[in-house]
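Here TrEMBL flags D45 as active site, proton acceptor. Per TrEMBL, active site, proton donor is recorded for D183. What TrEMBL records for S18, H78, G154, F155, G156, G157, G185, G205, T206 is substrate binding site. The divalent metal cation binding site feature in TrEMBL is assigned to H43, D45, H78, D183.
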Amino acid sequence: MACCRTFDHHPQPLIGPSILNSNLALLASECEKLLKAGADYLHLDVMDGQFVPNLTFGHPVVKCLRSELGPKPFFDMHMMVACPEKWIEPMADAGANLYTFHLEAASDVESIIRKIKESGMKVGVGIKPGTSVESVLPYASLVDMVLVMTVEPGFGGQKFMEPMMAKVELLRKQFPKLNLEVDGGVGPTTIDVCAKAGANMIVSGTAVINSSDPGAVMNSMREKVAACLS
Ligand SMILES: O=C(CO)[C@H](O)[C@H](O)COP(=O)(O)O
Ligand SMILES: [Fe+2]
């Protein structure tokens, strides 16, 4: 099981299933199944209907999930919200471990990073497909993780955008110790390019959830990432 320690060392291969397309009415048991099958962390997609044209859940659900699952599982909050600063304290209080906001939604990036750190959570910053990698470079040394979106945020089950790998390559080259996450359309058919580009945190939704053997899918992706990191 991953924990905050993960972010204090050289990047590790970590698989974080996205529960977006799972049965949300059975959220806790779906998460338990994924953790038992070998998930390193849980990627929880928060959408507010403003930053993206879709709506999921917020901190009250995360708080209940924490209480159901106990203190161990690592919660990676993918905050697809228009006002990222608004939810920092509620998410920290709900038991979130990593708070990833979108650069496009932030008016004062450094202040948001500082507030997240003060709340005790790790910090991630994400960029949408249309956002240049150059725009995130000034913040890469201030955060624990950079998320490169490989689909337009808002929905699971979309097609992987391979041109985004150039962003991952550049970030890995300039920041060898940084955690780099890819999210969107990642699964057995797209993991190779992600691993070769240098991603170490792999979000995978439908490819894991729809598989008859989620554990095997996650293990195989982890091995591919590990082979490229070493
Ligand atoms: O952030 C997301 C969408 O905005 C999801 O994390 C992502 O789409 C995962 O699902 P899939 O692997 O099915 O694409
Ligand atoms: Fe996500």
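Using the three backbone atoms N, Cα and C, a Cβ is placed for every residue, glycine included.
Annotated features taken from TrEMBL, shown on the structure.
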residue	record	DSSP (3 states)
S18	substrate binding site	strand
H43	divalent metal cation binding site	strand
H78	divalent metal cation binding site	strand
G154	substrate binding site	coil
D183	active site, proton donor	strand
T206	substrate binding site	helix
Run through the Cβ atoms and count how many others sit within 10 Å of the one on H78 (divalent metal cation binding site).
27
Cβ atoms near G185 (substrate binding site) (within 10 Å, other residues, all chains):
23
Tell me which recorded positions (S18, G154, G156, D183, G185) have a Cβ under 6 A from ligand 2; sequence order is fine.
S18, D183
What's the CA-CA gap between G154 (substrate binding site) and H78 (divalent metal cation binding site) in angstrom, rounded?
11
How many other Cβ atoms sit within 10 Å of the Cβ of G154 (substrate binding site)?
17
Ranked by how many other Cβ atoms lie within 10 Å of their Cβ, the binding-site residues S18, T206 are led by S18
Compute the centroid of the Cβ atoms of H43, D45, H78, D183, then list the same-chain residues not in that set whose Cβ lies within 8 Å of it, in sequence order, for the divalent metal cation site.
G16, S18, L20, L44, D76, T100, L147, V203, G205
Given the recorded positions S18, G156, D183, G185, T206, which one's Cα is the least distant from that of H43 (divalent metal cation binding site)?
S18
Given the recorded substrate site (S18, H78, G154, F155, G156, G157, G185, G205, T206), which additional residues of the same chain have their Cβ within 8 Å of the Cβ centre, ordered by sequence?
L20, N21, D45, V151, Q158, D183, G184
Span of S18, H78, G154, F155, G156, G157, G185, G205, T206 as binders of substrate, largest Cα separation rounded to whole Å, comes out at 16
